[in-house]
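*Asks:* The structure that follows is given in the form of structure tokens.
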Amino acid sequence: MLRIITQQADVKAELQRICDRTHDEQVLHKEATVREVLQAVKRQGDKAVLHYTDEFDNQILKAEELRVTGSELDAAYQQVSKELLEAIQLASRQIEAFHRQRVPKSWVHFGDDDIVLGKRYTPVDRAGLYVPGGRAAYVSTVLMNAIPAKVAGVPRIVMATPPGAQKAINPAVLVAAQEVGVQEIYRVGGAQAIAALAYGTETIPKVDVITGPGNIYVTLAKKLVYGTVGIDSLAGPSEVLIIADEGANPVHVATDMLAQAEHDPMAAAILFTTDPALAKNVQVAVERQLVDHPRRIDTEKAIAHYGLIVLVESLDAAAELSNEFAPEHLELEVKDPWAVLPNIRHAGAIFLGYSTPEAVGDYLAGPNHTLPTSGAARYASALSVETFLKHSSIIQYSQTALNKVAGAIDALATAEGLPSHADSVKRRIQQDE
């Protein structure tokens, strides 16, 4: 059952326990397995990818079957309803519109003495998107990862996703990928997919940036290949924290908590409220909705282990506790969310008001749903167009400008014991004289 505790209890310790839920001893064993997979794929390429696809996904493939064919992509449209296709297209438009507003612009400043300074943004050459399989068809993951890459101007976007029964990929995932400009799709999942994207194989291209969520093996693989390639983040299990007052609908709050818990047995769903009656009513509503929940086993585990209701003294106290937890998703189900918002410093995405469930942001509001988890919102942000961009500094000095700063550069280079640095300026000054 969903627990209710008061602020006087050791709330911070309980929140820390939930935040640290992925830091168990088994991770070390899993990391050793992942290292083995990475090295095998790096050395053996397709052969290792096919071996691990058989071992972990129970699908026997040939190298030529790794890439999804054009006929499969065409057939996927026949298997998707008109309603779903229209929903994908609506979500795509809104996500793209939001991300186009956030594209950083290159700039150049012309200063005194013909000094030119600036910053130039350019996309990576190749982006690799990972889309999980397993519990659901993650259509929204395709959109949220591919669209920022497309908006950034990445010329080659490839996707990896694990094969299901009979080597099939969910048709909705294939349709979504085509709608947003993914050029290549490979049926490979897990750590072997991350390795293939990071190192390249005979069939799968090496990319520059890998994005997308996955299980602990995928996350560890991304951690270990970072440096060889860029990554978006190290995402843990999903989480929602809801701050609610007496005006919130307990059935809605309960549903929002279950919407998070149904993701994964390790997902976290937390409620902070000032109203004891709401706390009790949410507890009851959660139990009622669990009875016939289609994903009851996993959802019930998440609620039992990582679900929590905390009675707080005030909304200010709730905001401060929320900042310490730094949730991936934060819902402000209060009468005046804009009054609470200034007190929120750390959250991946913030949903304001009684009519803004997290699902709006998950699917089609526009902001990205790939968010920092496990407290990382203290220092990290959502996936964005900038994930797929680099920026280069632009610097040009005239001879006049160089003459004016030569002494300062000489002093700094001499202090650091780097004589050739100083000479590189001195000789240009002497040449000018």
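Here the Cβ of each residue, glycine as well, is placed from N, Cα and C on the backbone.
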*Asks:* Which residue of S238, S381, S384, S398 does Swiss-Prot report at the same substrate site as Q260, H263, H329, D362, E416, H421?
*Replies:* S238
*Asks:* Of all the recorded positions given, H263, H329, H421, which has the fewest Cβ neighbours within 10 Å once its own Cβ is left out?
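*Replies:* It is H421 that, of the recorded positions H263, H329, H421, has the fewest other Cβ atoms within 10 Å.
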*Asks:* Under a three-state reading of DSSP, tell me whether E416 (substrate binding site) is helix, strand or coil.
*Replies:* coil
*Asks:* Widest Cα span across the NAD(+) binders Y130, Q192, N215, in Å?
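*Replies:* Value for the max Cα separation, rounded to a whole number: 13 Å.
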*Asks:* Inside 10 Å of the Cβ of D362 (substrate binding site), count up the other Cβ atoms and send me the figure.
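*Replies:* Result for D362 (substrate binding site): 18 other Cβ atoms within 10 Å.
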